[in-house]
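Notes follow once the structure below has been shown.
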C-alpha cells in the first residue's frame with residue numbers, strides 16, 4: 001500500500017468496485033466466461049500492472065470462480081492454448097500445448113479525426129475499430145474461408161479493439177484449425193495483411209479488393225480484371241498513375257491494425273469475456289455480428305456496467321484531461337461529481353485525482 005492516505009482511499013474504493021462487479025457478474029448474471037476445458041487453460045491476472053501473474057490453473061469451475069470473487073482482479077486473462085501443464089513456467093514445450101484457439105486481435109490507435117490524447121478513447125477511434133472488424137469478416141473470413149456469422153465469436157475488449165475468435169460449427173473444421181501450429185497461423189494472418197502479395201500472380205480475393213479501391217480512386221481497372229500479372233500492367237502506366245496505384249495498394253494492406261503476436265504466440269493470453277478492462281473499467285463483452293454490422297452496439301454506452309453509472313462520487317481532478325462521454329454524459333477535469341464508471345476510467349489511466357468526503 002502507499003503511504004499517502006488519499007491514494008490508499010482511491011485504491012481501496014476501486015478494489016471495492018471491482019469486487020461489486022464480479023459479485024454481480026458471477027452470482028447474478030453469470031456473465032463471466034469459464035474457459036472450456038478449464039483445467040488445461042492457463043489463467044493470468046493484473047492489478048496495478050497489465051499482467052502481475054500468470055501460470056495459474058484451476059481444476060474446477062467452482063475453484064476458479066471462488067478465486068475470482070476473492071481477488072477481483074482489474075485485468076483477467078485466459079490462455080488461447082490448451083496445455084497439459086498450464087501452471088508450469090516456460091514456453092509451449094514445457095507446458096505441453098496440445099491445441100490452441102485461433103483468434104484475431106484488432107487494436108486501433110487514435111485516428112486523424114480524434115482530438116484527444118493518444119491513450120484516450122472516443123467515438124471516432126471506436127468506430128474505426130468497428131470498421132476494421134467488418135473489413136476482416138466481410139473481405140476475408142466470409143468470402144475466402146467460407147465462414148458464417150455462426151462460426152465467429154466477436155468480443156469487445158473493453159478498450160479500442162475487438163477479439164474475433166474462429167469457432168466453426170463444423171466439428172471437423174474446428175478440430176483442424178485448433179491443431180494449427182505457429183506456421184499455419186502465421187501464413188493465415190500474413191495472407192490477410194497482404195504481406196506476401198505477389199503482383200505477378202494476383203489471387204482472386206485480393207484482386208477484387210484492390211479493384212474496388214482502384215475504382216474509388218478513378219483508376220482504370222479493365223485490364224487488371226483480365227490478368228493476374230499486375231506488375232507488367234502497372235509498369236505500362238504513367239508515373240503519376242503508377243504512384244497512385246502503389247499508394248492505394250499500400251493503404252489497403254495497412255488498413256487492418258491486427259496484433260500479429262496474438263496469432264503468432266503459442267502461449268498468448270486474451271482477456272476473459274465478462275471481466276472488466278483495467279484501463280477503462282468497461283466490460284469485455286461478447287456481441288453479435290449483426291449488432292456490429294447494424295451499428296447497434298455502442299461501446300461507450302453498452303460497454304458501461306450500468307450500476308456503476310448510478311454510483312456517484314465527489315472528486316477533485318488535479319490535471320487537465322480530455323473529455324469522455326459515457327452513456328451520453330460527458331466528463332472532464334472540471335467535473336466535480338462523477339459516476340463510478342468514470343472513476344474507473346480515471347484510475348486506469350493514472351489520472352491524478354482524489355475522492356472527497
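Note: Cβ is positioned from N, Cα and C throughout, glycine not excepted.
Features of the protein shown, as given by Swiss-Prot:
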- 105: active site (ACT_SITE)
- 107: active site (ACT_SITE)
- 259: active site (ACT_SITE)
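Taking Cβ-Cβ distances under 8 Å and a sequence gap of 6 or more within the same chain, the neighbours of residue 107 (active site) are 129, 157, 159, 160, 161, 257, 259. Most Cβ neighbours within 10 Å, among the active-site residues 105, 259: 105 holds that distinction in the structure as shown.
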